[in-house]
Amino acid sequence: MHKDEIQNLTALEAASELEWLAKEITRHDVLYNRNDQPEISDAEYDALRRRNAEIEALFPELIRPDSPSHKIGAPISEKFEKSVHSQPMLSLDNAFSSEDVSEFMERVRRFLRLPETQMLEITAEPKIDGLSLSLRYEQGRLVCAATRGDGYVGENVTANARTISDIPQVLQGKFPDIIEVRGEVYMRRADFQALNVNQQEKGKLAFANPRNAAAGSLRQLDSRITASRKLQFFAYACGEVSEIFAESQMGMMEKLKEYGFVINPLIKKIKSLEELISYYHDIEERRHALSYDIDGIVYKVNDLMLQMRLGFVSRSPRWAIAHKFPAEKAMTVLEGIDIQVGRTGALTPVARLAPITVGGVVITNASLHNEDYIKGIGSKGEPIREGNDIRVGDTVIVQRAGDVIPQIIDIVAEKRSKDASAFVFPYLCPACGSYAVREIGEAVRRCTGGLICPAQAIERIRHFVSRNAFDIEGLGKKQVEFFFQIQDETLCIHTPADIFTLQRRQEKSLVHLENMEGFGTVSVRKLYDAINARRKIPLSRFLFALGIRYVGEVNARRLARAYQNYTAFETAAMAATMPDDKVGKEGNEAWMELTNIEGIGPQVGEAIIDFYKEVHNREVLSGLLCEVTPLDEESVMTASSPIAGKIIVFTGTLTRMSRDEAKALAERLGAKTSGSLSKKTNLLVAGVGGGSKLTKAQELGVEVIDEEAWLQLIEG
């Protein structure tokens, strides 16, 4: 929608759109910053933010408390400890043209009241496509590494950051007592390609691009996995410092290099707008010759005193801007359209392309979004691509922008063959032959086959064993497909319970898994160990693993907190499926309690009811609950707990559960947990790589136990 259309909005229409934009931008912030799974390109995201800002400028009285204009990043994950930034980690405003850069320079001059005759030095450097990280050093030693998070509170990933060779553990030379160094964690393209080969050999999902690989590698719960990935780090700024050690941005970079950091060698000091634009185009031409991905150029006022005077607006500094590169495009032929079936039955069209290189990457597949997109219809029913549909055999324009899967953005109509026929989206599921229906108001067509659909069944098992669900190492995509498709009843896995009975079935079998291609004695033993380690699991993870529609990680935690234990949740869900015919759902106490939980509501409630109405789902659950135990969200029996009232500290990497899970479990059993040792600490649980806390515990006389002793203690 263009600016003149915004000016035609009524106040009611503007308020409605601002509400939608707030929700949509927040959703994409979470997908990008927390889940490392963006759905839209940087350009599309920036367009949403620009539209939000333009409507707010026209209707300032309608600015919402949750306006995206005031937000940075996304809420942090609950998998990591929180780390509060002493100075906010702000994002940058974007420029998309030379005119935007010129306006930035003019704004800076106006704010500082600098005449045109006075030189204004700017530093320019490539904008690395990675994950922002803040490193805090005290007395020259690294004490904390934190992700950006929401800009104010990030995730503590110190153990993982220590495995990156570009990050010094101890600073060199003369340095401030306290200094926060900020920069970008990234992965070189060659290392990214090698990692994906390794992922595929292990039957695991490949990463979409180096940025996602870097982010996923840094945010591992096991630092040994991070250490196995070849991550790099460029320093580009400072946060809190105890003393001023430079007068300019370039001077700061030179000092950071002396301290032992890696600085991007392409950084340059520039004295005019013309030079800035020339530098931008020069790097744009050279970007594919670099060993790492960049998505623009960052300009900063060089003088640090001027930076202080310029200060900040709500979510970005006035003294810096990111000049983004345009999305990269190429022309190729659409050879076919494949339909993929997801775990919820969604039919997703994927374009099969004649191989084409876009942005240094060979592209053979691209997103087609949904049925309407192929027909030339937008999300609000408006025509897109001038109403042209997409047909097999068309010459198409493919765009690769930032972190998202490549997408077809247009066709070359004049190259279309006269014989090309319109694509007919299937009304039957390609995996099981069941009807595929499209509900009113939805863009997605879904298979109605449910649990008889093999494609859905495989995807549901993959979801069940995924990292944020049961997190069973050794059950990647290839392994799940193998176990699902094999005919031997002692090896097959068709339901979650089958995972946990596999070892028992194998003990009575003449066909041994160790002798199957791709397996061996060691890998099978590790698989059984990984499975058995998950026989007790937090309630929130259990609920998420069930794959109930709309019950993602966040809603699973909400439900776990509300019901505390699985029996209470299941009882409520079953009661909610039986509304009183006279008064309807509103008269059903269980339904009202369920849908009144913050963030749940009728849509999620209906999905839960639909899940529990299905007899087969209840049978699958019954079998699963014979094998696993969902742990109560909060123990009501702490009085007899051997750790009730004790102060416990965890250090190092635990192998049977994450440190966050161990802390939550300790607290449910009545203990208090802390991140630091003191004379009041009763117990230190030391995993692999406990480090300095072990020494300090001995000095303080604190009892130290390993993970096995910890498990024996709590199982008691």
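Note: Cβ is positioned from N, Cα and C throughout, glycine not excepted.
As annotated by Swiss-Prot, NAD(+) binding site applies to ASP42, ALA43, GLU44, TYR45, ASP46, SER91, LEU92, GLU125, ARG148, GLU184, LYS300, LYS324. Within 10 Å of the C-beta of LYS300 (NAD(+) binding site) there are 23 other C-beta atoms, taking all protein chains into account. For the recorded site, LYS300 (NAD(+) binding site), the DSSP three-state label reads strand.
Sequence annotations record features per position, and here Swiss-Prot assigns active site, N6-AMP-lysine intermediate to LYS127. In sequence order, ILE294, ASP295, GLY296, ILE297, VAL298, ALA322, LYS324 make up the list of same-chain residues 6 or more apart from LYS127 (active site, N6-AMP-lysine intermediate) whose Cβ falls under 8 Å from its Cβ.
The feature Zn(2+) binding site is assigned by Swiss-Prot to CYS429, CYS432, CYS447, CYS453. In this view, CYS432 (Zn(2+) binding site) is surrounded by 19 other Cβ atoms within 10 Å of its Cβ, with every protein chain counted.
Averaged over the domain 'BRCT' (638-716), the predicted model reaches a pLDDT of 79. Taken from Swiss-Prot, the feature domain 'BRCT' covers 638-716, and the record attributes it to sequence analysis.
Using a 10 Å Cβ-Cβ cutoff, CYS429 (Zn(2+) binding site) registers 24 neighbours. Cα-Cα distance from ARG148 (NAD(+) binding site) to CYS432 (Zn(2+) binding site): 44 Å (rounded to the nearest whole number). Counting in whole angstrom, LEU92 (NAD(+) binding site) lies 43 from CYS447 (Zn(2+) binding site) by their C-alpha atoms. DSSP assigns ASP46 (NAD(+) binding site) to a helical segment in the three-state reduction.
Under 8 Å, Cβ to Cβ, and six or more positions away along its own chain, ASP46 (NAD(+) binding site) finds ASN94, PHE96, LYS324.
Within 8 Å of the centroid of the Cβ atoms of CYS429, CYS432, CYS447, CYS453, where the record puts Zn(2+), the same chain has further Cβ atoms from VAL341, GLY345, PRO430, ALA431, GLY433, SER434, ALA436, THR448, GLY449, GLY450, ILE452, PRO454, ALA455, GLN456. A C-beta separation below 8 Å, combined with a sequence spacing of at least six in one chain, links CYS453 (Zn(2+) binding site) to VAL341, GLY345, CYS429, ALA431, CYS432, SER434, CYS447.
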